[in-house]
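Structure first, then comments.
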């Protein structure tokens, strides 16, 4: 019972935290309740349809929301197509799920023309993707408006797979996110895959003596088989070995066991300031992680918002009006 009581207390605290985060930001839960009552259900059913056909799209939609919010704020600027846009930047070439957002937008324009922003669709789709992967649900504050600027050159601010913990902390802090938010949101790597090119440097000549010493030696042959030396740069590898389509806390167990895939991920276990949170999320079968992930997602989804008369409501998510 003690464990259950602690979880209820955490949920209560998370609710308070979410309310505080949203207040004054210009977004609110139920923003479309009168102007487009079916908005959230249309997004949910669209995401469900696509993820049922291809479960890997869930991670794609979650990552796309993250990549959007870290550049120009959560304004759907990552969805804009064309030369020199965020979409064309190297860090965004692997993003997936654009067709899901376009599908939802088409249905919403038929139901409520010119009402629901692409940035809100993306925020809702990220939440629905987590739920469909077995993760927590949360109320998504809506009311964002879409940005009109999308430049590949701005994407350099995104956290990178080779970043040290200090650099990661700096990038998150610049967006108003603390060290706990960093560990929590990177925990979204519990679903999805990455390409060998983003971590294969760890497997061979990382040091003068060979591979990255933070990799569990018994795990190394498995990774080398998936990412042969000097080939297979685009091969995909699960970020959370053995659980790539299920949202759970096994990602943190893998970090503890030297089985983190990205250098930036494994570093979270090897740095005292972040290890504390990794250890915390290993307790209570990941329930604390679920609560904190929901809280940090709401916090992240309110980065540098455009609301009121700022920005626009795009008719097509891939193009400025």
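Every residue gets a Cβ built from N, Cα and C, even glycine.
Here TrEMBL flags 67 as active site, proton acceptor. The Cβ neighbour count for residue 67 (active site, proton acceptor), using a 10 Å radius and every protein chain shown, is 22.
The heme b binding site annotation in TrEMBL covers 189. Sequence-distant contacts of residue 189 (heme b binding site), defined by Cβ-Cβ distance under 8 angstroms and a gap of at least six in the same chain, are 239, 240, 251, 261, 262, 265.
Look at TrEMBL and you will find 36-112 (among others) tagged as disulfide bond.
As annotated by TrEMBL, disulfide bond applies to 69-74 (among others). In the structure as shown, the Cβ atom of residue 69 (disulfide bond) sits within 10 Å of 28 other Cβ atoms.
Annotation comment: TrEMBL describes 118-317 (among others) as disulfide bond. Sequence-distant contacts (6 or more apart, same chain, Cβ under 8 Å) of residue 317 (disulfide bond) comprise 76, 79, 98, 101, 102, 105, 118, 121, 146.
Here TrEMBL flags 196-227 (among others) as disulfide bond. Non-local contacts of residue 196 (disulfide bond) by the CB criterion (under 8 A, 6+ apart in sequence, same chain) comprise 226, 227, 232, 233, 234, 235, 236, 237.
Summarising the annotation, TrEMBL assigns site 'Transition state stabilizer' to 63. Of all Cβ atoms in the protein chains displayed, 22 besides its own lie within 10 Å of the Cβ of residue 63 (site 'Transition state stabilizer').
Across the structure, residue 36 (disulfide bond) and residue 63 (site 'Transition state stabilizer') place their CA atoms 26 angstrom apart.
In this structure, the CA atom of residue 69 (disulfide bond) is 25 Å away from the CA atom of residue 112 (disulfide bond). It is 27 Å from the Cα atom of residue 67 (active site, proton acceptor) to that of residue 112 (disulfide bond). On the backbone, the CA of residue 74 (disulfide bond) and the CA of residue 63 (site 'Transition state stabilizer') stand 13 Å apart.
For the pair formed by residue 63 (site 'Transition state stabilizer') and residue 112 (disulfide bond), distance between Cα atoms is given as 27 Å, rounded to the nearest Å. Other Cβ atoms within 10 Å of the Cβ of residue 227 (disulfide bond) number 22 in total over all chains.
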